[in-house]
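The carbamoyl phosphate binding site feature in TrEMBL is assigned to Ser47, Leu48, Arg49, Thr50, Trp74, Arg109, His146, Pro147, Leu148, Gln149, Cys268, Leu269, Arg296. As annotated by TrEMBL, N(2)-succinyl-L-ornithine binding site applies to Glu141, His175, Lys235, Arg272. Residues or ranges marked as domain 'Aspartate/ornithine carbamoyltransferase carbamoyl-P binding' in TrEMBL: 2-159. Annotation source TrEMBL lists domain 'Aspartate/ornithine carbamoyltransferase Asp/Orn-binding' at 183-305.
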Amino acid sequence: MKNYTKIKDISNLSEIIKDAILLKMNPFEFEDLGKHKTLVMLFFNSSLRTRLSTEKAAKNLGMEVMILNVNDAWNLEFEDGTIMNVDKSEHIKEAARVISQYADIIAVRAFPTLQDKAKDESEYILNNFKKYATVPIVNMESATAHPLQALADAITITELAEKVKPKVVLSWAPHPKALPQAVANSFIEMMQDLEVDLTITHPEGYELNEIITKDTSINYNQDEALKDADFVYVKNWSSYKDYGKVNNQDKNWMMTKAKLGHAKFMHCLPVRRNVVVEDTVLDSQQSVVIKQANNRTYAAQIVLKQILEAL
Ligand code: CP
């Protein structure tokens, strides 16, 4: 693997899932692969799971890890040809090439503005690192995608599925803040490549990018969509049509034990209790969110392993 910025960078999904599960059983099997290699992790935004699981994954492979909260460094300019006489101190052209001298792999977390759709969809931060860095790039959640999360989700469903083609429902939930569409986008793309029966349910007006949803079934009636579900993945996203807006906070979309039925409950975390999902779901045996978060390590580790092998 050359980079992992999108799901399509995975060449063989069933094989990478199988190999991640094997790594989970023997995490130190390749502890010399990353010897004298450094992962630099750049955070433009907060993180708990991505930061710790990716660091753990790199260390399991014997890598050194350096972490930079980019907001503590110089303010970066991403536009070409600008006169940098206001607030930007350093251009991505220099920054990416300098960091590449310290890193064998660069991982980047950079959320969307949720104000400028075209700018967000250009993935200007991630793609400028890809353009100017001279080492592989890993996406730790960008403006439109969270492929490490989606790989962990695919591993979790593969491990826990009790039938060949489980029914998986992605269900929108209310949230007081405007959140990105990235997790939902990548989950949908990943499920389209996995042997599952996928349904999306959300209120009208919360349609995601049609380029991503393609012909996946969308049902505006949550109760109907949830019928006979094996896995229910709950996630809020702000409106894609009315870009970045929170137009609906209908509490009736919160996931409850009654709605969940016998399904397993999934969420990428962090999650707001009794807003997105009620306590009785998260505190039940049906919740697999902690297992999901554990699988973030092995998703990151198999990705780093494949990149190291291709260096
Ligand atoms: N799920 C996820 O990416 O968690 P963090 O934002 O804490 O990294």
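Glycine is treated like the rest: Cβ placed from N, Cα and C.
On the structure: features taken from TrEMBL.
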residue	record	DSSP class
Ser47	carbamoyl phosphate binding site	coil
Trp74	carbamoyl phosphate binding site	coil
Glu141	N(2)-succinyl-L-ornithine binding site	coil
His146	carbamoyl phosphate binding site	coil
His175	N(2)-succinyl-L-ornithine binding site	coil
Lys235	N(2)-succinyl-L-ornithine binding site	strand
Cys268	carbamoyl phosphate binding site	coil
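Among the residues Ser47, Leu48, Arg49, Thr50, Trp74, Arg109, His146, Pro147, Leu148, Gln149, Cys268, Leu269, Arg296 said to bind carbamoyl phosphate, no two Cα atoms are farther apart than 31 Å. Secondary structure at Arg296 (carbamoyl phosphate binding site), taken from DSSP and collapsed to helix, strand or coil, is helix.
Spatially close to Arg49 (carbamoyl phosphate binding site) yet at least six residues away along the chain are Cys268, Leu269, Ala293, Arg296, judged by Cβ distances under 8 angstroms. Selection of the binding-site residues Ser47, Trp74, Leu148, His175, Lys235, Arg296 by a Cβ distance under 6 Å from ligand 1 yields, in sequence order, Ser47. For Arg272 (N(2)-succinyl-L-ornithine binding site), the nearest of the binding-site residues by C-alpha distance turns out to be Ser47; the candidates were Ser47, Trp74, His146, Leu148.
DSSP states for the domain 'Aspartate/ornithine carbamoyltransferase Asp/Orn-binding' (183-305), grouped as helix (H, G, I), strand (E, B) and coil, give 48 helix, 20 strand, 55 coil. All chains included, 12 other C-beta atoms sit within 10 angstroms of the C-beta of Trp74 (carbamoyl phosphate binding site). When the binding-site residues Glu141, His175, Lys235 are screened for a C-alpha within 10 angstroms of the C-alpha of Leu148 (carbamoyl phosphate binding site), the residues that qualify, in sequence order, are Glu141. Between the alpha carbons (Cα) of His175 (N(2)-succinyl-L-ornithine binding site) and Ser47 (carbamoyl phosphate binding site) lies a span of roughly 18 Å.
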